[in-house]
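Each remark here refers to the structure printed beneath this line.
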C-alpha cells in the first residue's frame, strides 16, 4: 500500500474521482430540480417530475464522466461500484478507501453549490432520497439492492479483461445501466444506488431519515453482483494469496484472472472503465 500511496498517478486518480463526482452530482440532481422552475410561455408550476428526463441525465452524465476520466481513475463515481471492484480483486483496499472519500466529498461540494443556485425554491429537497408513501424500509432496501446489483453486474461484465466479444462503448453501456436503475427506483426511493450521491443531499439538508437504506442496499447489491459474476457466471481461478496481493498492492497485472486464459494479462484493456488503467498507462496506453 505504501508504494501505491507515493505514486502521483494514484493521487491524480483520486482527484479525478472527486472532480468527476462533483460534475456528475451537479448535473444529475440539477436536472431533477429543474422542473420546479416555471417557464414564461409554458407554465410548469405543479408539473410532475419527468422521470425519463432525470434517468437520462443520471445515465448520460455517468457515461460522459466515464469517458472523460476513465483512463485516469476508472471513473467509479459510486462507492458501491468501488466496493464491487474491491471484492472482485481489481483494486487495492487503499485505493477503494480513498475513492469513496473523494466521491463523498465531491457529492457534498456539488450539492452545496446546487443549494446556493436553487435557494429560491420552496421546500428544496436537493435531491434527497426518501421512501415514497406506502413503501416500507424492507421494500425500499429491496429496490436499492436490485437496482445496484444490475449496475455492478454491468460494470463487472463490461470491464472484464478476459472478454473478446465486447463492442460499442463501455461507458455508454454503464450509463444506460444507471439510467435503467433510475427508471426502476425513482418512484419508490428516489433512486439511490449510489451512497455518495445520497450522502451529499443528506449532509446539506441535515436529514438522515432512513439514510442507512441508501448505504446498506447498494453495498449488498454490489456484493451479490460480485458473487454472481465472479463465482457463478464467469468464475475466476485464484487463491487467497493472489487476492491478498491485489488488496494490498493493487497489482492487477500480476493477478491471474483465469487459468484458462493465461495470456489475458498481455492484452490491452478493452474498456476505459477498467480499474487499473492508471497503473499501466505508461506501459500500455490503453484505448479510450
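Every residue gets a Cβ built from N, Cα and C, even glycine.
Feature list (source: TrEMBL):
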type	residues	note
TRANSMEM	9-35	transmembrane segment
TRANSMEM	96-121	transmembrane segment
TRANSMEM	141-159	transmembrane segment
TRANSMEM	166-186	transmembrane segment
TRANSMEM	212-233	transmembrane segment
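Residues 44, 47, 49-50, 53-54, 57-58, 61-62, 65, 68-69, 72-77, 95, 98-99, 102-103, 105-107, 109-111, 113-114, 117-118, 121, 124, 126-127, 196-197, 200-201, 278-279, 281 of the same chain, all 6+ positions outside the transmembrane segment (9-35), place their C-beta atoms under 8 angstroms from a C-beta of that stretch.
With a threshold of 8 Å between CB atoms, the same-chain residues lying at least 6 positions outside the transmembrane segment (166-186) that come near it are 51-52, 54-56, 58-64, 66-67, 70, 75, 143-144, 146-148, 150-151, 154-155, 158-159, 192-193, 270-273.
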